[in-house]
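Database features, via Swiss-Prot:
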- R39, V41, S169, Y207: Ca(2+) binding site (BINDING)
- C147-C161: disulfide bond (DISULFID)
- C209-C210: disulfide bond (DISULFID)
- N43: N-linked glycosylation site (CARBOHYD)
- N87: N-linked glycosylation site (CARBOHYD)
- N130: N-linked glycosylation site (CARBOHYD)
- 20-230: topological domain 'Extracellular' (TOPO_DOM)
- 313-466: topological domain 'Cytoplasmic' (TOPO_DOM)
- 231-251: transmembrane segment (TRANSMEM)
- 259-279: transmembrane segment (TRANSMEM)
- 292-312: transmembrane segment (TRANSMEM)
- 467-487: transmembrane segment (TRANSMEM)
Amino acid sequence: MRGSLCLALAASILHVSLQGEFQRKLYKDLVKNYNPLERPVANDSLPLTVYFSLSLLQIMDVDEKNQVLTTNIWLQMTWTDHYLQWNASEYPGVKTVRFPDGQIWKPDILLYNSADERFDATFHTNVLVNSSGHCQYLPPGIFKSSCYIDVRWFPFDVQQCKLKFGSWSYGGWSLDLQMQEADISGYIPNGEWDLVGVLGKRSEKFYECCKEPYPDVTFTVSIRRRTLYYGLNLLIPCVLISALALLVFLLPADSGEKISLGITVLLSLTVFMLLVAEIMPATSDSVPLIAQYFASTMIIVGLSVVVTVIVLQYHHHDPDGGKMPKWTRVVLLNWCAWFLRMKRPGEDKVRPACQHNERRCSLASVEMSAVAGPPATNGNLLYIGFRGLDTMHCAPTPDSGVVCGRVACSPTHDEHLLHAGQPSEGDPDLAKILEEVRYIAHRFRCQDESEAVCSEWKFAACVVDRLCLMAFSVFTILCTIGILMSAPNFVEAVSKDFA
């Protein structure tokens, strides 16, 4: 038993020592007279075929401002080295050998659109070679490539970033670069971007320096932005802020906060606009979709502030500034009020105006009744005058627009009546009393007329507020739906990211 174990152990040791000896001998035979600068082909007039592919492991970063894509990629290059072939029977147990960087020939394939400071960002690994001379080179690397970022549909955008690989010094007559499909089976998902696909294309390009074509392999990485983050942090707050701007038209003009609310909303949108500008590239090729929405919302809010100033001007209009123009009264108080189904306060409770031919204001009757009375009633003359004024009704003028007949009494007609009924010169007390009555009546008439003018302007301000509320609401809804849904993949982004 012990003898058999000893024999087995000795055989295994002898086998290992023999295998190590064969491998050492193979390395010595292969590198003997081998020149890493020589292209390993049997016929120098024929090109060496190199098969190229890549494995995309991770999208690490997409820098929109600097337009740089950072990816974790494993390159895959295979070719046949004519000088690295051996007979497997002469070297039993040695199936593959590995050569470090610089010891054998390798294709100088680089990323053409590299944005890395070192340009070549690969980690140079060993080259795996089998007995038939088949070489396999798998260098990993963190690649930074320049990528044109089209922010037109941000944040519902899909980017197409290209990775162009090719030999830096070998032309198509010396090195035939062939493409193989990219491998994304080991891809690690990214929190900001979804990988749509990786498509490869081989092409040949002629440069002015050389007559021979230079083949290259271009892999197009298609990625779609995940919009949940931007929707919660930019879009939804903007929609809410634009909705708050509509509250400007619901605030009463006497509150004194209409302008403050409009300016506050405008400043809030400006802050969000600055946040978008910080992450977007400084390009004039296209305006981002979210910037278009912010700009339209800012225009709406800015116009609401302007309209609010007009509303406040109407509401606090000075009666001494004149009556409302006829066209303004027709447009606002008639057409717009009818369209908005608005009625003036107290419009249904109008005192009936007097008829021109039947009952007119007559201060003379008051005066004559006071004069015809006995002397004992002189102490109640002021009371009689007030009673007469209180029961007076006058017809409105056609251009006044005031429905209360008492307000629109013609001062010239009343003064004529008062002067027509002047008392005799022998009664100075009655003359003074009637003079005071005329003054009080004139003050009441002016006060009522001013209140009527103010009421007209205030009602016009309410009509403008209601009209702008409806118009701005419709415009805001149309802008929100029209701009955001114009993105080609809006429905796909909402269904995948917000579901």
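Glycine is no exception: its Cβ is also placed from the backbone N, Cα and C atoms.
In this structure, the C-alpha atom of S169 (Ca(2+) binding site) lies 25 angstrom from that of C161 (disulfide bond). Between the C-alpha atoms of Y207 (Ca(2+) binding site) and N130 (N-linked glycosylation site), the distance comes to 36 Å.
Y207 (Ca(2+) binding site) carries neither a helix nor a strand DSSP state and counts as coil. Neighbour count (other Cβ atoms within 10 Å of the Cβ, all protein chains): 19 for V41 (Ca(2+) binding site). Summarising the environment of N43 (N-linked glycosylation site), the number of other Cβ atoms within 10 Å of its Cβ, over all protein chains shown, is 7. The shortest Cα-Cα distance between C210 (disulfide bond) and any of the recorded positions V41, N87, N130, C161 is the one to V41. Here the recorded positions are N130, S169, and the one whose Cβ sees the fewest other Cβ atoms within 10 Å is S169. In terms of local Cβ density within 10 Å, C147 ranks first among the recorded positions N87, C147, C209.
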